[in-house]
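A.B. asks: Can you read through this structure? Questions will come right after.
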């Protein structure tokens, strides 16, 4: 018999430690571990972490086996791990109905439970009796399921279980937009059951998704059916949100020690090494103590000041927990593991020694790791005064199995029994290693032979869609439908993946479906979804964005491949040449660079060997039967004649026997419109409407047609007015100016509706006119009246065979209008159809997840609706319609702006610095205002032009508003002199950092608006011979530009085209209006407000108080505090007035820095502003200013000249605000300071 080696003896000692502290508690039937002797429930997260020591020890025995008994011991340990993992699987699979429901609802009531009965795997508390939604717990289970499977363990035994795991992937893939209760089961730190977005959950979900992607759950014994599929776009959503959250942990926790599990073992979810180090140092600096780390600041758990009889905390109570938070040795085990994986031996040694000092020796000298160390009740005051000086006492579970397990695992690795690669077989530890440069492969395809010839004339040789066969080309929406079959299991009542928008990472791969290669075109060129794809310049911008995104986010094997089809809509109006924007983009891609990305153009067949290709094994024939329903319509050749897919579908009859081809053709046939209207004539309709860029609704045409048809009560059928509050009343019978702004508009037209013999309305007259007219505008007018009077599903019986509902006809008309790029009419029909961005909820989520709250509608509340958490698609669109008061035009424009904001958030996040709330209603308002100012035109002309802008021009205008570069003003923390606000400086700014399109954007806008004005005048003279007038003002009135006030010279009206004035006049007022509308504040503003609240009882803004008690609940760096401050400031409807209030608060922060105890009780900030205004008026009058120069804004009572004053200088706003603040608070200041003032 061989003698036992030293390593074997040491392993035996760890085996005894594992047995005595962990395995002795494992249930022999279920394999689950109870939390402690007193708490018999099994928590999912704790169980996974607690078994890691057993898994590691088993790997160590297998690696260092001296004899057969060691191999047997390794097998025994590994099977204990399998038993626990399968026990947890049984617990969760019993709740399969919740998994199915949660995929669609993301509701806390539909979530998997966080803990189960150790003996039976049953649930132990009700759905609403615990914070069950903890995505990090489900994610850590999936992460280690992947790691353990990769290490050789066989945990999953059947395809039913594979499908369940696939659905768990769908369960966690929305973690980036799902607020949960987090790793500490508390949600918001007030412990009141408020869920929030947690970085620990997002990071762990991201790690689990990456680990499971393309993993065979049967290991080496598996096949295609047991492979898990993950969509790369969902992973990157998590990555993006995680990067934006860190080093913060959530909205209520500015830092949390649980982030150690995200930036290091086990998740390794962060790819930016600098961000990893920043987060790590934040934890060490703010949370580390003598016995471990606090979980987060002001954590009251098991502190002497916590009331054990009460589950929740009062908000102001959190201040009591400051500096006495319990310290957890658990987190030092993470630092040990981090040191091992990073190769930092010094860190490993330091924390091992520190941990040894806080371990408690149990029976027979067994080292036990306590749950936490708490301040003794009699030493609380001493700890308050001198943090980290009082000796603490151990409390809670002993041992804390989670911490005990990681302590043993860290010791095994530190002593060399395990290498990092053995405990991390999927190589997640290399996440921060720089990735190779990405070259995006672009295959340009022509829809038809004619387009191919046009491209060839330009020196661009391409293939047609038909010529790439047997490679098959499909639109992105088809890939979304295909993925909806993934994970489907009828026996378990699992429906598969919910239908969702397909991102660019998903469409940039090739797909192997039943031995046939498929490629999918990007989502943004699908013209059936939203009208952005009808604008060729917008297509180029979206292509540029996607290419840039691919270069920074692509992490898969192989290069990304974009299939870019050139369709008929990308040609000029005559159809003989390529649109200049598209041609320029193609030439740049051929040159090798576009949008900052390296490009390789070529044929699809040339890219087969270098592309990333995924085998969609779930599309193979399986136990679930066929891919499609037997009752679908086999007539799949009815695609629209203008659809770019025609080149591909021409071969469809040759492959009717192919089930996949029939399935895909079925999807195409049911997602494409079928033409039913008569084609537009070239003479009477198309050419005229090409030239006629009119108002969004072209209400005049509607009324004219109503007169011809003798329609009564036309006002009942007109589109709802844009933000009806404070709207002018218009009389359509004459051209008088608007009057009585506060009245709801009415229309009085004395006409008669045709009736049949029985006296009923004869709608057949309308339908007959619809059939005969070739004018697109007239068709829209008639369909709108039918839509409002008969409903969208009314069958017009336009043709004998088949139905022709109003909705179907409007959809077809939308396609026709799109071809002539009539943007006002496009938006109008989109509004009628309630046509929404398919990825609207994703755009909203992108913004929210970057900690930007959204509001829709115009202030004040309750009209302005706040969106502070991700919403399901339908709920989001309902909220937008409600906020827009049913106005379909503004509803559709709000969605459009939301998409553009999300685009800029992904590509230029710096535009949104120090902005926590994006008020889309105000942004639309300020866009119209700025357009009027830039073009020196009236508000009516500007608002009409805004609704007729192309999407690309609208996006450029938004960039102009966000960047503010035209004004040569920016926010800065370094003042140019002592009197300047620390947040504002003036200097010349170039166009560095903007794209060429954005640099020339405003010039294009001016040109486009001038054309709109010319066409509007032409239409008013040609199309309205009866003296009618254009109703541009009816869509977006002056009251929309300045809510609550009329547009007068004192409130921001703009001169006409021929008025000249000093370009500097109005510059600062415009700057303040922009910053106020965008909620932009100086750097560090919210932290300074927190300090001010420490010196007073609160700040009052327009009667709404921000109390000082807020600081007892929230810390300075919390997002929650920033949002709370924003909610008070947003009570002010006028952007420029709001910005003056911000400047006044900045002055108060300077006073708060003085060494005094208090600067007042409740400080009325608006009063300080009005005192400053009075001082300004007095001084201006002494200098000879007259009443006209010193006109006041009627809404706020502030002199417009003060709004337009620079912050610095003798007459600067900061000068007067400083004097006003000193005057207001002087009674609270020491006499010596008052004398200095």
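Cβ from N, Cα, C; glycine included.
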A.B. asks: May I ask you to name which of 111, 495, 1018, 1208 Swiss-Prot has annotated as phosphoserine?
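C.D. replies: The candidate carrying the phosphoserine note in Swiss-Prot is 1018.
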A.B. asks: Which residue does Swiss-Prot record as phosphoserine, given the choices 200, 484, 952, 1007?
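C.D. replies: The phosphoserine feature in Swiss-Prot corresponds to 1007.
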A.B. asks: Which one of 107, 252, 650, 972 shows up in Swiss-Prot with the note phosphoserine?
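C.D. replies: Checked Swiss-Prot: the phosphoserine annotation sits on 972.
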A.B. asks: Consult Swiss-Prot and report the residue, out of 250, 641, 652, 1030, annotated as phosphoserine.
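C.D. replies: In Swiss-Prot, 1030 carries the phosphoserine label; others show none in the record.
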A.B. asks: Just to confirm what the record says: which one of 978, 1020, 1051, 1108 has phosphoserine annotated in Swiss-Prot?
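C.D. replies: Checked Swiss-Prot: the phosphoserine annotation sits on 1020.
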A.B. asks: Swiss-Prot lists region 'Calmodulin-binding' for one of the ranges 810-840, 841-871, 872-902; which is that range?
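C.D. replies: When 810-840, 841-871, 872-902 are checked in Swiss-Prot, region 'Calmodulin-binding' belongs to 810-840.
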A.B. asks: Provide, as an integer number of angstrom, the distance between the C-alpha atoms of residue 758 (phosphoserine) and residue 1127 (phosphoserine).
C.D. replies: 59
A.B. asks: With every protein chain in view, what's the tally of Cβ atoms within 10 Å of the Cβ of residue 758 (phosphoserine), excluding that atom itself?
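C.D. replies: Here the count is 6.
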A.B. asks: I'd like the per-state residue tally for the region 'Calmodulin-binding' (1060-1100) from DSSP, helix first, then strand, then coil.
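C.D. replies: When I sort the residues of the region 'Calmodulin-binding' (1060-1100) into the three classes, I find 22 helix, 3 strand, 16 coil.
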A.B. asks: Identify, in sequence order, the residues in the chain of residue 1127 (phosphoserine) that are 6 or more apart from it along the sequence and have a CB within less than 8 Å of its CB; answer 'none' if there are none.
C.D. replies: 866
A.B. asks: Please average pLDDT over the region 'Calmodulin-binding' (810-840) for the predicted structure.
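C.D. replies: For the region 'Calmodulin-binding' (810-840), the model's average pLDDT rounds to 81.
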